[in-house]
Amino acid sequence: MTTRVKVIFFKTIIHLIAFGLLSINYYASITDQNGADPVKAIIHFTGIGALNLLLMSLLFSPIAKQLKQPWLMQCRRLVGLYSFCYTTLHILNFWWFELAFDVSLFLSELAQRPYIWLGLLAFLILLCMAMTSPLFVRRKMGAHWQQLHNWVYLAVILVWIHFYWSRKADIGETIIYITVIAFVLLLRKTKIKKWLALPKV
Amino acid sequence: QTLKTLKYTPTNSDLKLTPESKVTSYNNFYEFGTGKSDPAEYAHALTIDPWKIKVNGLVNTPFELGYEDLFNQFPLEERIYRLRCVEAWSMVVPWIGFPLSALLKNADIQSSAKYVAFETLHRPDEMRGQSSRFIGGNIPYPYTEGLRLNEAMHPLTILAVGLYGKSLPKQNGAPVRLIVPWKYGFKSIKSIVNIRLTAQEPATTWNLSAPQEYGFYANVNPNVDHPRWSQASERIITSGGLLDQKRIKTQMFNGYADEVAGLYQGMDLRKYY
């Protein structure tokens, strides 16, 4: 297989999974077949889905390096954009289906709930990354592009705290997630240290 | 599980009922797992017959009831109540049961008793959430709840033994659970084995777990928000999909202010949330 074919093949699989799962979940929720509370189901699915996709996007570069398959990097953007898409739907679901498009309630919830601030902050980071994802923007930005996209490390931590904080008591799942996050961040130890320019003790 | 068909006095209500399939598949019963569908999936492991519920503490005649007693000792009546969860959703359920006061009167309560403490069964080999903190949400077990005596004696407070004409499914708290319709759902403790009259305010599970979020009183109150979400309105769990959702204003004391507001006269409900 040529690189081009491999990329197209892999991207098709990503589309099938990410878009397919989304379609199945919306179909089931709209027709009231997604558990007793289709609203909770779709909010949780898009929220957890966004985090899963974000984590997967962070695994591309270590895996590509490890397996010496540089073409994989050409598929990373698609996964990142799906994460942004899921995040946007997560917020829209909350506003539309949970709060019934009540503008004042939506704004007061955004303003009053610290765990929502964190989610929103992560959304803004993903928004900036999505807007700068076209190749011509990337070329134009030069070195600034990488600097901007390094904020993804902060975003993934913010998303995790938002997830953890939203829980009532059960934290088993969140512990698994923080372990995976710690792992993907540890792989980039040197880079993150440089980025933060941590003072030497 | 086979459910008993119950004999009871029916009632009328304008409220639109939540479908039985949703009432019995969307439950918070952490003894079987923290997911809403976990109780329906895992509660079959629970043995409910034989059952023993003790009434004791500051009473002159402590007694015990067995499984059959729950259905035979008191006339059963239907009560259609909205169950308002602290998570800002609600269901309308046709419960069947008897007033808690009827049971407490049989115990001849001593004058020093001021509170009633309730306890759920603790049986980790049948309740998977009690055997692992990762399954059971890391809350202390056995689950305990409590009411002030005048709340417990209020005619709206019932012990439910059934819903939708039949005995309670296990995931809904079989064989007997509390229903206090003007309080958030977590007060309505399930699968009760112990009812104890006390002089001191009893410790309650969610209050122990997160005191700044869940108070002892837990009265439904649209003016006092949960720290992480508004309590001013609620979503009704009913038939219909995503595009057919209803959000309604939450009412003070879940709509029972006329009956129960007097119990809290002079109390600062922001402080005693």
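Backbone N, Cα and C atoms are what each Cβ position is placed from, and that goes for glycine too.
On a predicted model such as this, the values are computed, not experimentally measured, just so you know.
Taking the domain 'Ferric oxidoreductase' (A:46-158) as a whole, pLDDT averages 95 in the prediction. The domain 'Ferric oxidoreductase' annotation in TrEMBL covers A:46-158.
Residues or ranges marked as transmembrane segment in TrEMBL: A:7-29 (among others). Counting residues 6+ beyond its ends, the transmembrane segment (A:7-29) has Cβ neighbours under 8 Å at 1, 38-39, 41-42, 45-46, 49, 53, 71-72, 74-75, 78-79, 82, 86, 89 in the same chain.
Annotation comment: TrEMBL describes A:41-63 (among others) as transmembrane segment.
Feature annotation from TrEMBL assigns transmembrane segment to A:75-96 (among others).
Proximity of distant same-chain residues to the transmembrane segment (A:116-136), defined by a Cβ-Cβ separation under 8 Å and at least 6 residues beyond the stretch ends, is recorded for 54, 77, 80-81, 83-84, 87-88, 91, 109-110, 145, 148-149, 151-152, 154-156, 158-159, 161-162, 165. Annotation comment: TrEMBL describes A:116-136 (among others) as transmembrane segment.
Tertiary neighbourhood of the transmembrane segment (A:148-165): same-chain residues 47-48, 50-51, 54-55, 57-58, 80, 114-116, 118-119, 121-122, 125-126, 128-129, 132, 141, 171, 174, 177-178, 181, 184-185, 188, 191-192, 195, selected by CB-CB distance under 8 Å and a gap of 6+ residues from either end. Summarising the annotation, TrEMBL assigns transmembrane segment to A:148-165 (among others).
The transmembrane segment annotation in TrEMBL covers A:171-187 (among others).
A contact between the transmembrane segment (A:75-96) and the transmembrane segment (A:41-63) is present, since 3 or more of their C-beta pairs, 6 or more residues apart, lie under 8 Å.
Sequence-distant contacts of the transmembrane segment (A:41-63), counting only residues of its own chain at least 6 positions beyond either end whose CB sits under 8 Å from a CB of the stretch, comprise 18, 21-22, 25-26, 28-29, 34-35, 69, 72-73, 75-76, 79-80, 82-84, 86-87, 89-90, 93-94, 97-98, 126, 152, 155-156, 159-160, 163, 177, 180-181, 184, 187.
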